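Student: First the structure, then my questions, so here it is.
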Amino acid sequence: MSQQERPETYEDEINLYDYWKVIVKRKSLIIGLFLVVTVASSIISLLMPKIYRGEVVLKLPAITSKELLSVIGKIDAEKVKNILPTTHHLIADVKLNALKDSADKLQLIIETKNTDVIPSVIAEFVTYLDNIPIIKQFVEKERQRLLMQSEEINKVIKGSDELTRTYKKLLESGRLILVGFNPIELEKMLSDLKIERLTIEQALNRLKGIEMIDKPYILKNPVKPRIKMNIALAGITSLFAGIFLAFLMEYVEKMRER
């Protein structure tokens, strides 16, 4: 059994040695192709425009992220022109992704050659989202609700002010006997109502459709081109291509000799 295995092992060793001889014989081709492709890839990658990325998380008021994405549809080049009529020519790519850990948040990604334009592009995109009918309707309903609350509180405050003045006049004239009436409690109630009115007014001023969770995060280093990865891929590809060509040339040469 061992004697039968030895010739097979010997033949394998011979085959591997033959392969190695072909590679050594054609090493100038393999190395030359590797250097040319790698250097060319390096030069092309360095000459390519640098692309920077900005990201921001958006909170939705009245619709889930998946529903909004289905309303918007695929963001292709033509749709980008509609979404960003004034800044579409400044960007390289735009993506809107749902976050896995939240149903009412989206991640907006802007890629551009100039980081200075990212805030204005994000602002225009948010304006587009705010004008989507379902979001616009929600904002209007919320505004009307807050206005009604403010109006009701104003009526109560006005009535309470008149009541306070009446009580003071009656007290001063001596025609009112204080039975179960506490002016301090009335003043406190008025103060609480005014604070609530102020809160509603602030809510009206801050009322928005789409809300940015934080300031846009802009990466300092460019995301494209990936120079190291491009060079590595070019080097590996050229190496395999060089070896393939070496064996192909060896095969053609032997066929001619026959």
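Going from the start of the chain as shown, residues are counted 1 onward.
Every residue gets a Cβ built from N, Cα and C, even glycine.
Nobody curates TrEMBL annotations by hand; they come from automatic prediction.
In case it's useful when we look at the structure, here is the feature table from TrEMBL:
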DOMAIN    12-65  domain 'Polysaccharide chain length determinant N-terminal'
TRANSMEM  29-48  transmembrane segment
TRANSMEM  231-252  transmembrane segment
Student: Looking only at the domain 'Polysaccharide chain length determinant N-terminal' (12-65), how are its residues distributed among DSSP helix, strand and coil?
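Tutor: The composition, in the requested order, is 36 helix, 9 strand, 9 coil.
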Student: Mean pLDDT over the domain 'Polysaccharide chain length determinant N-terminal' (12-65): what is the value?
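Tutor: So the average pLDDT across the domain 'Polysaccharide chain length determinant N-terminal' (12-65) works out to 87.
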